[in-house]
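Participant: Below you will find the structure I want to go over with you.
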Amino acid sequence: MTRLDNSRVIRPATGPEISAKSWLTEAPMRMLMNNLHPDVAEAPHELVVYGGIGRAARDWESYDRIVETLRRLEGDETLLIQSGKPVGVFRTHADAPRVLLANSNLVPQWANWEHFHELDKKGLMMYGQMTAGSWIYIGSQGIVQGTYETFVEMGRQHYGGDLSGRWLLTAGLGGMGGAQPLAAVMAGASCLAIECQPSRIEMRLRTGYLDRQAASIDEALAMIEASHAEDKPVSVGLLGNAAEILPEIVRRGIRPDLLTDQTSAHDPVNGYLPAGWSLDQWFAKRESDPSAVAKAAKASMAVHVRAMLDLHAAGVPTTDYGNNIRQMAKDEGVENAFDFPGFVPAYVRPLFCRGIGPFRWVALSGDPEDIYRTDARVKQLLPDNTHLHNWLDMARERIQFQGLPARICWVGLGDRHRLGLAFNEMVASGELKAPIVIGRDHLDSGSVASPNRETEAMRDGSDAVSDWPLLNALLNTASGATWVSLHHGGGVGMGYSQHSGMVIVADGTPEAAKRLERVLWNDPGTGVMRHADAGYDIAIDCAREKGLDLPSI
């Protein structure tokens, strides 16, 4: 089993010529490769895409077999992927998914990091995160709008809708956390982001997600103060350990205006540098003594969260951004770790109630103009959504594409299928140079059960019920998505979440149009259903408005 190969540099093909037998198998192959593009993945030579050890394939042998199989797959066959390894090809039918993926799933009694690591070392499992193992990661853009929407809502709730002259304190500049600095600036706030790995700061600077780098707290704060004097928000990366810097900020009486965290705290071995440790020490100990790493990391997380609680008690609006750091701290004896809320119940759930979530699409042509044309079509189809228009304008101006050109755009039930059909028509007419791939994050309204994140504090107490993502995956399979995934442990770590994903190809054919209409209606419809079933009036009203058939509502 080979996981590290520094000789491998993966980039997807672009343009209209394909090496598979159809676009329905060319698309997952290109998206798998795009996940490992050096401008996209965090550690592509190790097959790691983002989120600690979130991988696209189990090992390089599995990667090669997946590509080989996709190239020969027939139009009525389905490839099965078990934790990043291709295990079977079966005859299905033309409207069935071409790929079905199950990643990181464990029977509940064994659903913990210790058992996962045992299997991982034996080559029997892979951590798929959310969009890493499901081949629809698009770089930090994939979470930018959701983060932006969260920060805007924080501004509405706490500062009258105006974040000018305000600053956000956070940590973590990995594949997900790397979106925070740009999202904050787009929302009108400055951002101080702590990151322990120089390579991550350098990547965010290179890709335009971060403006400046500072060597000390004082230098970072001076940069932010200067930006406020010029009425121009700035994002600053500070090299250091959050478990050391946050307590220092508390001791010095410094008060940010907003506070959150996106370190990879969900994975105490691979995702969080213990306080006082060097990177070299951390990397070595992860291999030689992972239990010691986990113990030290969790102790540091407790210190980190205590500092967040101190700032929260001092009146700083504070939110957990979904990395399970509160749970880790509580396990270490911080009994009031959940005194500050998660971002979904505090700021995002009303959107989920209407099936609104992280809809995304990718231009398989590799031509940015294809994305700009789809941006224009979105504005044309949704003429009254000025907030969305503003987002698209900012995205074009501020967001650099990583790998294949892509766009993230939060839309919901009733709009997703219209956009998908429009994109399909654009492919059919030749307005776009190649097909479009349409997908989403697993963080969506009906596709995840995660009691410390997306389903925290559900009205009816159904936080841990994971029937919903299973139903979502089954329905997307029956509806004809091109590939469907079912994962465990994404975002918050082993034992704390189950979630599903779907991707569908708009190749310009009438058959694709039928699949697009079904999938892109049904998928967000499950989100409205899930929240209506939990008793949310917004969701119940949306279900009635859209004519959903919900027998128990």
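Counting starts with 1 at the first residue shown.
Cβ atoms are placed via backbone N, Cα and C, with glycine included.
Copied straight from Swiss-Prot:
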ACT_SITE  CYS409  active site
BINDING   51-52, GLN129, 175-177, GLU195, ARG200, 241-242, 262-266, 272-273, TYR321, GLY491  NAD(+) binding site
Participant: When a 10 Å sphere is centred on the Cβ of GLY51 (NAD(+) binding site), how many other Cβ atoms does it contain?
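Facilitator: Other Cβ atoms found within 10 Å: 29.
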Participant: So if I measure Cβ to Cβ from GLY491 (NAD(+) binding site) and keep only same-chain residues at least 6 apart in sequence, which ones fall under 8 Å?
Facilitator: GLY51, GLN129, MET130, HIS266, GLY322, ASN323, ASN324, HIS442, LEU443, SER450, ARG453, SER497, HIS499
Participant: Could you state the CA-to-CA distance between CYS409 (active site) and TYR272 (NAD(+) binding site) to the nearest Å?
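Facilitator: Each residue's Cα considered, CYS409 (active site) and TYR272 (NAD(+) binding site) end up 30 Å apart.
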Participant: Count the Cβ atoms, other than its own, that fall within 10 Å of the Cβ of SER264 (NAD(+) binding site), considering every protein chain shown.
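Facilitator: By my count, 28.
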Participant: Can you give me the same-chain residues 6 or more apart in sequence from GLU195 (NAD(+) binding site) with a CB-CB distance under 8 Å?
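Facilitator: The list for GLU195 (NAD(+) binding site) reads ALA171, GLY172, LEU173, GLY177, ILE201, GLY237, LEU238, LEU239, GLY240, given in order along the sequence.
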Participant: Near CYS409 (active site), how many other Cβ atoms are within 10 Å of its Cβ?
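Facilitator: Total other Cβ atoms inside 10 Å, all chains included: 20.
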Participant: What three-state class does DSSP give TYR272 (NAD(+) binding site)?
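Facilitator: DSSP call for TYR272 (NAD(+) binding site): coil, neither helix nor strand.
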Participant: Mind giving me a neighbour count for TYR272 (NAD(+) binding site)? Other Cβ atoms within 10 Å of its Cβ, every protein chain shown.
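Facilitator: The answer is 31.
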Participant: What does DSSP call GLY175 (NAD(+) binding site) in the simple three-state scheme?
Facilitator: coil
Participant: Would you mind pulling the DSSP three-state label for GLY51 (NAD(+) binding site)?
Facilitator: coil
